[in-house]
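The structure under discussion appears below in the form of structure tokens.
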Amino acid sequence: MGRGRVQLKRIENKINRQVTFSKRRSGLLKKAHEISVLCDAELALIIFSTKGKLYEYSTDSRIEKILERYEHYTYAEKAPKSPDLESQTNWSQEYGKLKAKVEILSKRERHLMGEQLESLNLKELQQLEHQLEISLKHVRSRKSQVMFDTVAELQRKERGLREQNKRLEQELKGKQKVNSIMQRDKTVPSPPLIAEPQPTLNTGCPKYKLTLRSFTKQADTLLYVVICIK
């Protein structure tokens with residue numbers, strides 16, 4: 001006797017429902033992959049669990065391309081509509097696009113954080129690994145550049161401080177030299193005025209006689225004064 005048709009209805013047991021979901025999901029993803037390979041078909045598969053967990057599969061590297069094609073055929077207007085209805089339809093389309101993109105971006109963000117990777121196959125995991133390696137390479141390159149710029153800035157400041165210290169040292173030496181000269185001049189006494197012998201000079205005048213006096217000042221100036229003595 002043949003096996004009867006199984007009636008499809010919601011599984012009431014939560015654990016059994018989750019187990020069935022996992023098995024059927026894996027089988028569905030496998031069937032999607034097989035039909036894409038065997039029939040060279042482009043397809044996108046999006047599954048949300050009861051907890052809101054997202055599972056997806058696409059033959060293209062970007063599922064957005066397939067979704068855009070789907071939206072193009074689904075929301076194509078084949079008959080004129082009123083302005084209000086057309087505006088409402090456009091808003092609905094835009095909302096659907098944005099919602100789908102947000103879901104995809106959220107899922108990719110979780111994948112980049114290493115979360116919810118059980119739905120990815122080997123090819124998707126390899127693509128994710130390659131993307132992470134590229135991102136890590138960019139981060140390391142930027143880190144090296146920042147460190148190089150920081151070291152260069154510190155070296156520039158160091159050279160500036162050395163030059164400033166050198167100028168201050170030269171100014172200090174100059175001031176010390178001037179102070180030393182001024183201090184030495186204060187300690188050297190001035191030579192006194194020295195009166196030299198007084199030569200006499202006969203002018204032939206019977207009433208007066210001239211006396212020649214000479215004075216020296218600071219040992220470098222000779223001054224002669226002729227004094228007429230009566």
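Including glycine, each Cβ sits where the backbone N, Cα and C put it.
Fair warning: this is a prediction, and the values are worked out from it, not measured in the lab.
Residues belonging to the coiled coil (122-185) score a mean pLDDT of 89 in the model. Taken from TrEMBL, the feature coiled coil applies to 122-185.
Among the features that TrEMBL reports, domain 'MADS-box' is placed at 1-61.
The domain 'K-box' feature in TrEMBL is assigned to 88-178.
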Residue counts (helix, strand, coil, in that order) that DSSP gives for the domain 'MADS-box' (1-61): 25 helix, 10 strand, 26 coil
